[in-house]
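Copied over from TrEMBL, here are the features:
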{"type": "DISULFID", "residues": "2-322", "note": "disulfide bond"}
{"type": "BINDING", "residues": "13, 14, 80, 130, 131, 188, 233, 234", "note": "Ca(2+) binding site"}
{"type": "ACT_SITE", "residues": "78", "note": "active site, proton acceptor"}
């Protein structure tokens, strides 16, 4: 049983669920920043972070206010990650600014339903940032899904399958960073296992998830490739079971047409990887948990699971909530 959650019409590209069941959702992404032709209506969009409470699933989303000296007119959020501590919840958000990409850092106040701006990270290695995963209060990995942003150059980069993307580790305490996965073919979503030992990177072009093991020097050692035979976007990790969930673009050409004209539907798909072992290389089962022709939700980009519920986000469309009755 699934329903469209009212209140979001400018996408819900990425979702992070806190341990208490509160979900933070990015909305208002700039698709043109990824080298796609964008529906002109998106030019007027503003970026937002929304809150959804899995404990009150029939309630709608709430927009989080952003406090502090932050320019909200230049906010087009994409990937999101959170570092939870007892005294502070730190939120990392990929931002496609007009001039360059950055990673914005906020402190989340649950009681006030607000984000307090802390800092902005910029770096010459942030060429085309897609997603981020926090591994400390000021440390994180991020993916660059390519090199070029101009439409024709990026089209050639994709069409010819040039491996010009990468994954970067960044220490915000010192400003030091290093490319830990060079020459990668459009790395997209990035996340980590509940114990932080393994890093997961998805690629919609390759149609697979790669599992890496973190090393003492912050480099990543490839351990396993899991073929998904679809185009996975973000990878969500269930903190309880360690299982993986993906929002996928089932028919890629439909996705590109949808970005050009939001009236054109794009088929959506959710995959669930049930892990059968506790360490990589994993044994696993892959299941299709949801599929839609694009009329309920177009361009699914993320699927967040919590307490027998599923929240499905999209790049530029709606947000869908499902009760998982049997699976």
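One-based numbering along the chain as shown.
Using the three backbone atoms N, Cα and C, a Cβ is placed for every residue, glycine included.
What you see is a predicted model, and the numbers here were worked out from it, not measured in a lab.
For residue 13 (Ca(2+) binding site), the recorded positions whose C-alpha atoms fall inside a 10 Å radius of its own C-alpha are 78, out of 2, 78, 322. Other residues of the chain with a Cβ within 8 Å of the Cβ centroid of 13, 14, 80, 130, 131, 188, 233, 234, the Ca(2+) site, are 78, 79, 94, 189, 301, 302. When secondary structure is read from DSSP and collapsed to three states, residue 14 (Ca(2+) binding site) falls in the coil class. The Cβ of residue 234 (Ca(2+) binding site) lies under 8 Å from the Cβ of 13, 14, 15, 79, 131, 188, 189, 191, 202, 246, 247, 301, 302, 313, each of these being in the same chain and 6 or more residues away along the sequence. Geometry remark: residue 78 (active site, proton acceptor) versus residue 2 (disulfide bond), CA distance 24 Å. Cα to Cα, residue 2 (disulfide bond) and residue 233 (Ca(2+) binding site) are separated by 21 Å.
Comparing residue 130 (Ca(2+) binding site) with residue 322 (disulfide bond), their Cα atoms are 26 Å apart once rounded.
Residue 80 (Ca(2+) binding site) counts 24 other C-beta atoms within 10 Å of its own C-beta, drawing on all protein chains shown.
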